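Undergrad: The following block contains the structure, expressed as C-alpha cells.
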There are 2 protein chains.
Amino acid sequence: MKVVKYPSKEEWSTILKRPTQTVNDIETTVNQIFDDIQRNGDTAVLKYTSLFDGVNLTEIEVSEEEIELASTVISEDLKEAIQLAKSNIERFHSAQKTATVYQETMPGVECWQEKRAIEKIGLYIPGGTAPLFSTVLMLTVPAQIVGCKEIVLCTPPNSEGKVANEILYTAKLCGVTKICKVGGIQAIAGLTFGTDSIPSVYKIFGPGNQFVTVAKQLATKYGVAIDMPAGPSELLVVADDSAVPSYVASDLLSQAEHGTDSQVILVSTSTKLVEAVSEEINNQLKELPRVEIASKAIENSRSILVKDNEEALELINEYGPEHFIICTKSDEFFVENIVNAGSVFIGNYTPESAGDYASGTNHTLPTNGFSKAYSGVNLDSYTKSITFQKISKQGIKNIGRSIELMAEAEGLQAHKNAVSLRLKDINN
Amino acid sequence: MKVVKYPSKEEWSTILKRPTQTVNDIETTVNQIFDDIQRNGDTAVLKYTSLFDGVNLTEIEVSEEEIELASTVISEDLKEAIQLAKSNIERFHSAQKTATVYQETMPGVECWQEKRAIEKIGLYIPGGTAPLFSTVLMLTVPAQIVGCKEIVLCTPPNSEGKVANEILYTAKLCGVTKICKVGGIQAIAGLTFGTDSIPSVYKIFGPGNQFVTVAKQLATKYGVAIDMPAGPSELLVVADDSAVPSYVASDLLSQAEHGTDSQVILVSTSTKLVEAVSEEINNQLKELPRVEIASKAIENSRSILVKDNEEALELINEYGPEHFIICTKSDEFFVENIVNAGSVFIGNYTPESAGDYASGTNHTLPTNGFSKAYSGVNLDSYTKSITFQKISKQGIKNIGRSIELMAEAEGLQAHKNAVSLRLKDINN
C-alpha cells in the first residue's frame, strides 16, 4: 500500500481515483447480443452460453430435481449459518417498512402515499470461482417481505452445466420462483425482452462484471429499471491509535481479495497506526489462498495521512466509499457527519464481513462514488410509491382558484377548464 | 377517440401501445454534444445555445438583477396561488420524512438506516410555449425540505435571451442556488461534467423532450443519477355512470393539450358513459386555444369498453398509467388493487390538474409504463439511505461462526480471517 502523507486538496482527486473501466469498448458487443436475443430468444441464449460458459445446455431452467438435490448436499452447519443470516436480514429489512403517509393538505384535500411491490423482478448472481449465495440472501429477502410475485434468478452454469448447490438451496429457501442457467449479457437481455425460458421483468438487481453492468444500463433504455450501476468493490477505513492494527489489516484484505480491481483505502491521523497496519498486511497477506488477487488490489491502494478528523471527513465524503469502517476515538463525529457512503461499520468488533453476510444490513451497495446519489439495496428498492388524492367539493373550492391562475399562467387552458367546470357546478 | 369494444386480452398490448419514440437516432447527436461540452465547456454550451435556441448569450448564469426584476412583474394573485401550491406541496412532502430505522438484529448486533440529503442536484425545466413554473415548485420544494446544498436550475432562454419571470420568481422563492440559461442536451451535459458557469451535480431531475431524455440516460453512464426516464404524458380514466361526462372529458382534454404525443385512455363498463364523454370532448375541444395539439392527441387515444371492474383493473395494471383517475361507484376496489400507476385521482372533484399544480402531490411521475418499477418524485428522491452497524464483543460472538462458515463456503478466506482474528482475541 502506497502511503500518501498530508496531500493537498488539489491532489485528492488523483489519489482517490478508482481503477478505470472502459465501458465504451464493451457497448457494441452488448448491443449485438441484445439484438440477437430480442430476435432469436432461447436459441440465441443457448448459443452465447455455449460460447461464453463453454457448455451446451438443452434446458435453461433449473429443474425441480436439481433444486431438491442441492438441499441434500449442503451441510447442516452451513444451513444453520444461512438461516441465522436470513433471519437477521429479515429483521432489519422488515423494520424498514413504512406506513401509509396521509396528509390533508387543506380542508377537503386529502393526499396519501402508499408503497406497492414491484411485481416481477430479476436477480443476477455472478458465477466464477465462488458461489455467491450470500447475494441470493441479500436480494431475495426484501423481495419476499414486500411480496414481489415473480422472482427470477439468473446465474451462469459451470462447465458441467450446473449451478452451485449453495445458490440453489438459498434460492429455494428464499422463495425464488424460477432459476435460469444463464449469465452475462445474455441473462440481462433475457430478463429485458423475455424468451420462452426467461420471463421478462420490471427491475433487475445484482452485481456483475463490466459486461453485466453495461448490459444493465442498456436494459434501462428498454424500460427496465435497475438497482444501481455497479463497479469494483471498495472499502475505506478511518482509524487512529484506538484501532487494532491486525483487525484493520484483516478488513482491508477481506476487501482486497474480491478482485484485482478492488480498492482499499486507509485514512488516518496516526503515522504509527499506518505503519503497524502495513506490517500486519504483509504478515496476513502471505497466508491467504487468494494472495495474488489481494496483492494486486493492495498495490492499487493507498494509506493517506491527514492532519485532523475534519480533513479526514471531507476527504471521505469526497470519495463516497461503498464500505466505510470507523475505528477511532471519535466514532460519533464520523457517524454524524458522513454524507456519502454505502454502509458504515463502527468500532473494533464490526468487520466488513459481518455486513457482507449476517448482521442484517444489505451488501448490495453503491460503488464508484455513486453513494453521492444512490442508496444501497433496501426494502424500498422493491416497491414504488404511488400517490393518491381525493378532493371534496369544499376542497376544490379551496384550491380551485389557485389552480386556475397557475394553469392560465402556464398557457394550459384545458387544465384550467377542468377546474372551472366543477367550480361552476358547485357554485350554482 | 376510437372506441374499442370488449377487446380480448391478446389485443391489449396493441391497443395500449404508446406513441413510439425513436431513441436510437438521437443518440449520436447526444454523444457528440456531450463530448464537445466535456472538452470545451462554456464555449461549447454557448455555441449550442446559439444553434438550438437562436440566441447569442454572453452570460450563462441568470443575474441577480434579472431575478429581482422578475418578482416585480408577477401579479399578486399569481404569487398567492404559487404560495398556496407551495405550502400544500411542502405539507405533503414533509409528511414523507422517515425516522431512523433502528434494529438490534441479535444481541450485540445493532443496525440502523438513516437518510441523508444528496448534496448537489440539477433541475431541468423545459422551455417552449409555456413557462413551467409549476415544475420548479415540484422539484425544489422536496429538495429544500431535505436540505440539498446546491440546487442548480437549467432552462433554455427564449429568443431574447431571457427566462420567463414566473420561473425566475418561483426558483428564487424555493431556494434555487443558481439558475443557468441553458437547455436541451447541452444543459444535461453541463450538469454532468461541469463547466465554468454550470456546476456538476450528483443527480438530475426534471422532464424534457426526447433529446433531454436521451441525454439524461447518457448522464447515468458518467455516474450521475437521474430521477427517471421521461416520456410523453398520459392519463387513464376509469369511469362508470356515476361519473359526470363533462368532467371526464375536461380531464382527458387537459392531458391531451400537453402535446400531440400525449395519450389519454378511457376505460369503462358503460357504453352510455363512453358516448356521453365522446360528445363532451367534441364540444369542449373546439373552445380550446391549443385545439390542434389536443385534437391530434385525442386521435391517438382510445375509449375501451370492458366487461367488468376486474377486467378493467387488470388492463389498467398492464398499462401502468402515469395519471389515473377513478370515477366509479367502486372507487375503493381500484384504490386498493391498483399496483402500477404514478398518481391516482379519486372522485368527481379531483381533476388531474389539482395534482399538476396544487393539491400537494408531486407531478413528476413515471410515464411509458415505468410505474411498474419507478416511483414518482417524492421526498426520498432527494436522499440516499445509509446503513450503519455496530457490533459488540458479544455480538461478534453471536454471529461470528455463521460468518466464518459462509465466507469459507464462498471461498473468501480473508473475509473469514477478519472474524476469526477477533473471535480468537475475545476467547483468549
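Placement of Cβ uses the backbone N, Cα and C atoms for every residue, glycine included.
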Undergrad: According to TrEMBL, B:Ser233, B:Gln255, B:His258, B:His323, B:Glu410, B:His415 bind substrate; identify which of B:Asp308, B:Asp356, B:Asp380, B:Asp425 is listed for that same site.
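TA: Answer per TrEMBL: B:Asp356.
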Undergrad: Distance check, please: Cα of B:His258 (substrate binding site) against Cα of B:Tyr124 (NAD(+) binding site), rounded to an integer number of angstrom.
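TA: With the alpha carbons as reference points, the distance is 17 Å.
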Undergrad: Which binding-site residues among B:Gln186, B:Ser233, B:Asp356, B:Glu410, B:His415 have a Cβ sitting under 8 Å from any chain A Cβ?
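TA: From B:Gln186, B:Ser233, B:Asp356, B:Glu410, B:His415, flagged as close to A: B:Asp356, B:Glu410, B:His415.
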Undergrad: Going along the chain, which residues six or more apart from B:His323 (active site, proton acceptor) have their CB under 8 A from its CB?
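TA: When sequence neighbours closer than 6 are ignored, B:His323 (active site, proton acceptor) has B:Ser233, B:Glu234, B:Leu235, B:Leu236, B:Gln255, B:Ala341, B:Gly342, B:Ser343, B:Phe345, B:Glu352, B:Gly355, B:Leu365 within Cβ distance under 8 Å.
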Undergrad: Taking Cα atoms as reference points, rank the recorded positions B:Glu322, B:Asp356, B:Glu410, B:His415 by distance from B:Tyr124 (NAD(+) binding site) and give the first.
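TA: Considering only the listed recorded positions, the nearest one is B:Asp356.
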Undergrad: Could you give the Cα-Cα distance between B:Glu410 (substrate binding site) and B:Gln186 (NAD(+) binding site), in whole Å?
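TA: Rounded to a whole number, the Cα-Cα distance is 47 Å.
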Undergrad: Applying the rule Cβ within 8 Å of the centroid of the Cβ atoms of B:Tyr124, B:Gln186, B:Asn209, what extra residues of the same chain belong around the NAD(+) site?
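TA: For the NAD(+) site, the extra neighbours are B:Pro126, B:Cys154, B:Pro156, B:Gly183, B:Gly184, B:Ile185, B:Ala187, B:Ile188, B:Gly208, B:Phe211, B:Val212, B:Ala215.
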Undergrad: Fewest other Cβ atoms within 10 Å: which of the recorded positions B:Glu322, B:Asp356, B:Glu410 wins that one? Let me know.
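TA: Sparsest of the recorded positions B:Glu322, B:Asp356, B:Glu410 by Cβ contacts within 10 Å: B:Glu410.
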Undergrad: Look at each of the binding-site residues, B:His258, B:His415, and point out the one with the fewest other Cβ atoms around it within 10 Å.
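TA: Among the binding-site residues B:His258, B:His415, the sparsest Cβ neighbourhood within 10 Å belongs to B:His258.
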